[in-house]
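Working notes, beginning with the structure itself.
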Amino acid sequence: MTGTKSGCGGGGCGACTVMVSRYQPATKTFTHYSANACLLPLCQLHGAAVTTVEGIGSTKTTIHPVQERIAKAHGSQCGFCTPGMVMSMYALLRNKPQPTMEDVTQALAGNLCRCTGYRPIVDGCRTFCQVRNSGLINDWKEFLPLDPTQELIFPPELILMAETANPETLTFYGERTTWVSPTSLEELVQLKAKHPKAPLVMGNTNIGPDIKFKGVLHPLIISPSRVKELLPTFLDEVLPFSAGVWVGAGCSLSEVRSLLEKLVPQFPEEKTELLRSLNQQLGNLGNQQIRNVASLGGNIVSAYPNSDLNPVLAAGNCKVSVISSGGRREVPLNQDFFMGFGKTILNPEEIVVSVFIPFTRKGEFVRAFRQAPRKEASFATVSTGMRVFFSEGSRVVQDVSLYYGGMGPTTVSAAKTCTAIVAKPWDDETLSKAYDIILDELVLPPSAPGGKVEFRRSLTLSLLFKFHLEVLQKLRDTNVIKDEVPEKIWPLPREIQPSLQEFQAVSKDQSAQDPVGRPIMHRSAVGHATGEAVYCDDIPKTDGELFLGLVTSSRAHAKITAVDVSQALQLPGVVDVVTAHDIPGMKFRPMSGQEEELMAETEVECLHVFVLESEAIEKSSYYEPRRSIERGNVTEAFEKVDQIYEGEMRMGGQEHFYMETQSMLVVPVGEEMEFDVYVSTQSPSAIQEAVAETLGISSNRVTCHVKRIGGAFGGKVTKTSHLVSITSVAALKTNRAVRCVLERGDDMLITGGRHPVMARYKVQVGFMNDGRIVAADMEYFTNAGNTIDESVLVVEKMLVHMDNVYNIPNLRGRGAACRTNLPSNTAFRGFGVPQGLLMVENMVNDVAAVLGRPADEIREINMYRGPSVTHYKLEFSPENFLRCWDECKLKCDYSARRKAVDQFNQQSRWKKRGMSIIPIKYGVAFAESFLNQAAALVHIYKDGSVLVTHGGTEMGQGIHTKMQQVASRELHIPTWKIYISETSTNTVPNTCPSAASFGTDANGMAVKNACEILYQRLEPVRKKNPNGTWESWVRFNRRLNILTDCWRGEDLYMDWEKMEGRPGAYFTFGVSCSEVELNCLTGDYRTLRTDIMVDIGRSVNPSVDIGQIEGAFMQGLGLYTLEELKFSPSGLLYTRGPSQYKIPAVCDVPLRFNVYLLPDSDNPHAIYSSKGIGEPVVFLGSSVFFAIKDAVAAARSDSGLVGPFTFSSPATPERACLACNSQFTQKIPTSKPGSFKPWALNI
C-alpha cells in the first residue's frame, strides 16, 4: 500500500494519519478516531481495526466523497499530504456526519501542507457542513453524497473475539525490547514492582519520540491500555453535592475533553470554572491525532516544563490516586509534586490510577492561558493555571494559586506572589505589587534552555494581568464591585469565512473541448486523494535492496586523522560502509566555479568558524564575486536631499519543509555499468550528470526517472545531486539497489534552506519632504553557509529586483554572500527576491514613519509610471502593475477599512489592528539563456491515444496538467486521450531544472510546437476525410507516429561590469493587502483578511494558478511571521522537525482569503499569453508582516513612541510582543550582550 506517508516520524505533520476503530463490548458500540501511524505501536492494536486511505475508496472501485471533494476543490498539489488530510476528515465524518466548521478545522489542525495554502482543502471539507462555497467550487451539489450506511463495517471476527475471549496478557518479544500488555490492575502493579524502570505506554506520544529521536532503549515496555481500572470515569457517582469527579488516568485527552463537555452543562457555572479552563487547554494541546491517543495520566507524569495541563491542574487543587505493591495513596498536584525536568514525587513503582478534578466554589475563579509559537499543534512557550477565591460578596482574596509552565525545568508555583495577594483586595494596586514580586520569584537566566527569556518573563506578567482583568469582570458581573473594567480582552477571531477566487472566463467563441484557460482539476488529484499516486519511496523494494544512512560530522571544523569502520560493520544489518575513498570518479561537485566535496576525506570543510553574518563581515569572509549596481549618482544626490535616514534589518532563513524528504533509489541494471536512478528532483539531467561523473562513466549509462515530487521549492536541485551521488557509490560498491530516504531531522540538518539576510541602509536613504525618495543605498549580506552552492546567484537576483516598483533616480545596491560554518544554504522559492524586497519595503515604511505619512501614500508617490527603465537599463511598462494596485485597493475597500482600523485602535488598548498593502514586480525566467530552453517528445499511437513526455518535473505546480491542456488544444482532442507518465532522461535529454517559474513557459512551448507539427502532418488525411474521427485519421497516417521538438527562449543576460542587461523574459506583477488583529500582551495575531491581485496574463489553468498563488502566499506568511531556524552558538541546528519548527497550519490561513486574477492582460513572451506564477507571490506574504508592524506601531504610540523602529523578520509573537513595549515588557531587565552565552543565536 502506498497511501499512508511518512513525513516526520514524530506525530507532527499528519501525513501518516489513519483511523483506528475499536468495539466496546459493554455498550456494544464502536469508537473511531484518527491517529498518527508513526507513533502507533503495532503491539497496541490487538483487537483494533485500522483503516488507511486505500480502505475507503480507490479509482479501481469507487472513491469516497471525502476523496472526491478534496480533489475537485483543487485541494491537492504535490499530493503527499493529501491521504492524511483525507483520513483526518474521514474519521471526523464517521463520528459526526454533519460537522461544523469548528469541527473541520479542529480535525485538520494536525495535518500540515506546504503547497496549497489550505484554503481549497477547507473549502472541500466545508461542503460536508452544508455551507455553500464560492469561487472555484460551483457544482458542490453534484458531489457524491455522504451515506454513512455505506461505510466499511467493523470486522465481525473482532467483535466475536471481543465478546467471547477471556482477556489474556499479551507479550511481544523483539530483538532489543519486550512489550507486555497486562489485562488487570493487579498484574500491572506486579509488573511495575518487578520492573520499576519500565515505562508505561498508552499513547506513545512521549516514549515513542524518545526511542526514535534520542536513541533511548527500554528493555521492557508495559502497555496498560487493556487495564479497565485505568479507563473508567465515575460519572454516575457525580452528584450535585459531589466535591468533584475522578477521571481514569488511562483516558485519552479526547475522552477527557468529551467528558468535560458533558459535565459542564449539568452543573451551575460557579462549580465548573476548573472544568471549563481544563477543556479550553485541552483544545489547544497537541492536535486531534495526539489527543486521541495521549492519556491524562501520561501527560501529568511526563512532567514537561511547558505542560499545558499541569499548571491548571495544580492551580485547581487536583490530586492523583496512585497504586503500588505497597498500597494506594492520594497525592496532591502542587509545587511539591513536580521535582524537576520529567521528574515527579512519585516512586518508580507507583502507577497513577485516576485523577481527581474538584468542582469550584462560589466566588472561586479559574483561568488557563498559554502562548505558543503557533496557535495550534504547538508546545507552549509559557502556560499558566490561575485560581483565586473570594468570600461571598467581597473582593478581598481568601486564597490564590498561580502556576506556570515554561518558566523553569518543571511546572513552578509563584508562592511568594500568592502570599502577597492573599488578604488583599483584588485591585490594580495589589496586582501592581504582585508584578514586582513575581519578577523576583520567577527568574530565568539569560542562557536558559529554550531561549526567549525576556519574552517568557514578560508573559508571566501579561498573563497575570489578563487574569486580573477577567477576574475584575467576573466581580463586576456578580455585583461585588461597581468599578469599570479597563478592557475586556476577547479571544482573537478564528472562524474561516468563504473566500473569493475571481478569474476571467474563456471566450464564448472558444471550443467547449478546448481546456486552455479553464479551471481543470489537477490530473493526479484523485490519485493523491486515494493514495494510489506513487512517490519515490513507494516504489516496491527489490531483492537484496540496501538502505543508505548518512553519518554527519560532530564538529564544524576538524582534521580527519583516521576512519575506523570496524565497529560499524559489526552492527546488526550493516552490510558495508562507504567513504570518499570508494568514489571512482569525481569526489566533488562543481558549483559556481568552486568545488564542493561529496564526502569529507581529510578535513571537515567548514573553514571559517563564523555563524553570524556580522562575524563574517568583520573578518571579510565572503564568496566571490561580490556584486554591485548603481543608477544615477547616489553620493552626489545625498548632498541635496532634505533628510537622511539610516536603518538596518535582519531576516531569518527558512527550511524548505517539502512534505516528502530527499528520496532516491539507485539500481544497477546488471550489465555494462548501467544504472537506473529513481529520485525526487527538480533537475533529472543534473542528477544524471552527477551520477555519471561520480562513478566515472558516461551519461548514456545513467537513466534518471522522476514520476512526481512531494514538494521541492528549490531544495531538490543541488543538494539532491550530492545525495544521489553518494547513493550511487554505494550501489556501485555493493552491486545492489540502494535506497536513501532522509529522516526529517537529517534532511533539515544537512540540506540547508533559504539564506538569512542582513541589510543596511545607513545614512543612504534620502527623501524629499514631499515623500519622494531621491536616493537610496542598500547593502545586502546573505549567510551562505560553509559552501558556495548558488549563493552568489541569489545575491545577484536580490540586486536585480531591489527597485521593486519604485522609480528611485539614484539607487545603489551592493551584495555579498558571507562564508560561515552553518550548513550551506541553497535555492528556495523566490531565489533571494523575498529577502531583498523585504528590506526595500521596510525602507519605504521607515520613510513614511519619519514623515508621519501613510505608507501606501509613500509607495504611490515613488512608483514607476508611464514608459519606464529599471536600474539595469531595461525598458518596460508598469501599466498592468498600476492596474493591479488600483484594483486591489478597490476590491479590498482599502480606504474604508483603513479608517476602521484606526478607529478600532483608538478604542482598544491591548488589542490592535494593522493593515498593509504591498506590491511586487518579479522578473520571470533564468538570467542565463542556456537554462531557458526545453524539449518534448510526443507519441501518437494507432488507437488515437497520445503519450507526452517533456523536461519539466511535476512537484505540485500542475505542470503535467497544463501540458495535457496544451496538447489537447493543439491536437484538438479531449484531455483524457492524453497521458503523461514521467520525466526521464532517456526520453527527453539535457533538460533544464523546473525552477524560476519558467516550467510552463518553456515546456509548454516545446509541447505546443511538437503537437502543431504532428497535427499539420494530419492535414492531408483530414482533408480527405473531413468527417472522420481522430482515431480514423491517425490509424492510417504512417508519418505521424512520434516527434521530438525543442524550444529555446529569448536571449537573457546580466552584464555586471556594465550594470545592464535583460535578466528576465517579462514581469509578473502583484499586490496584496492584509489586515491583522494583534494581542499586544502575548504577541499572538490573526490575519483577518487578505486580498491578492495578480497579473498572470491569460491563465492556462486558473485553478492551478490560484492554488500556486495561495500556496506561495502562505509560504511567505510562514517566512515572515512564523518560521524560525534556531542554531546553537556553535552552529548546531536545534529545529529539526515539526515539533520545533513551525510552518503555517490551518489556523494560520487568513479568515477571508480572496484571490483575483487581473483581467484583460496579455503577455507576448509566454505560451498562450500566460505568465509564470510559482515564485512571485511568496513575497506578498510580507503584507502580513507589515500589517503586524503597523499594529505594533499603534501599540507603541499608546506608550508615546512614534517613528521608525527596528523589527526583524520573522514577526513572531515574541518579537511583536516585545516591540509593543508595553508596561510589562518595560519591567523586564535586559541582559547585556556578551555577558552571557545565549541558548540560540539570532541568525
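Heads up, the Cβ atoms here are built off N, Cα and C, so glycines get one too.
The following features are taken from TrEMBL:
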| type | residues | note |
| --- | --- | --- |
| BINDING | Cys8, Cys13, Cys16, Cys38 | [2Fe-2S] cluster 1 binding site |
| BINDING | Cys78, Cys81, Cys113, Cys115 | [2Fe-2S] cluster 2 binding site |
| DOMAIN | 172-362 | domain 'FAD-binding PCMH-type' |
| BINDING | 200-207, 295-299, Asp308, Arg370 | FAD binding site |
| BINDING | Gln682, Phe713, Arg829, Ala996 | Mo-molybdopterin binding site |
| BINDING | Phe831 | substrate binding site |
| ACT_SITE | Glu1175 | active site, proton acceptor |
Site of maximum Cβ density within 10 Å, from binding-site residues Cys13, Cys115: Cys13
Among Cys113, Asn206, Ala996, which are recorded as binding-site residues, the nearest neighbour of Cys13 ([2Fe-2S] cluster 1 binding site) by Cα: Cys113
Average model confidence [pLDDT] within the domain 'FAD-binding PCMH-type' (172-362): 93
Residue, out of the binding-site residues Cys38, Cys78, Met202, whose Cβ gathers the largest set of other Cβ atoms within 10 Å: Cys78
Cα-Cα distance, maximum over Gln682, Phe713, Arg829, Ala996, record's Mo-molybdopterin binders, Å: 12
Among Phe713, Phe831, which are binding-site residues, the residue with the most C-beta atoms within 10 angstroms of its C-beta: Phe713
Rounded Cα separation (Å) that holds between Arg370 (FAD binding site) and Cys115 ([2Fe-2S] cluster 2 binding site): 29
Beyond the site residues Gln682, Phe713, Arg829, Ala996: chain residues whose C-beta lies within 8 Å of the centroid, for Mo-molybdopterin: Ala712, Gly714, Gly715, Val717, Ala827, Phe828, Phe831, Ser994, Ala995, Gly1174, Glu1175
Residue among the recorded positions Cys81, Arg829, Glu1175 whose Cβ has the most other Cβ atoms within 10 Å: Cys81
Rounded distance in angstrom between the Cα atoms of Asn299 (FAD binding site) and Ala996 (Mo-molybdopterin binding site): 47
Candidates Cys38, Asn204, Gly297, Glu1175, namely the recorded positions, that fall within 10 Å of Cys81 ([2Fe-2S] cluster 2 binding site) by Cα distance: none
Cβ neighbour count within 10 Å of Arg370 (FAD binding site): 27
Other C-beta atoms that fall within 10 angstroms of the C-beta of Ala996 (Mo-molybdopterin binding site): 26
Close binding-site residues near Cys115 ([2Fe-2S] cluster 2 binding site), where close means Cα within 10 Å, chosen from Cys8, Cys38, Asn206, Phe713, Arg829: Phe713
Proximal but sequence-remote residues of the same chain as Cys8 ([2Fe-2S] cluster 1 binding site) (Cβ under 8 Å, at least 6 apart): Ala15, Cys38, Arg744, Gly1137, Pro1138
Rounded inter-Cα distance in Å - Glu1175 (active site, proton acceptor), Met202 (FAD binding site): 44
Close binding-site residues near Phe831 (substrate binding site), where close means Cα within 10 Å, chosen from Cys113, Leu200, Asn204: none
Nearest recorded site to Ala996 (Mo-molybdopterin binding site) by CA-CA distance, among binding-site residues Cys113, Met202, Ser295, Gly297: Cys113
Any further residue of that chain within 8 Å (Cβ to the Cβ centroid of Cys8, Cys13, Cys16, Cys38) of the recorded [2Fe-2S] cluster 1 site: Lys5, Ser6, Gly7, Gly9, Gly10, Gly11, Gly12, Gly14, Ala15, Asn36, Ala37, Gly84, Arg744, Pro1138
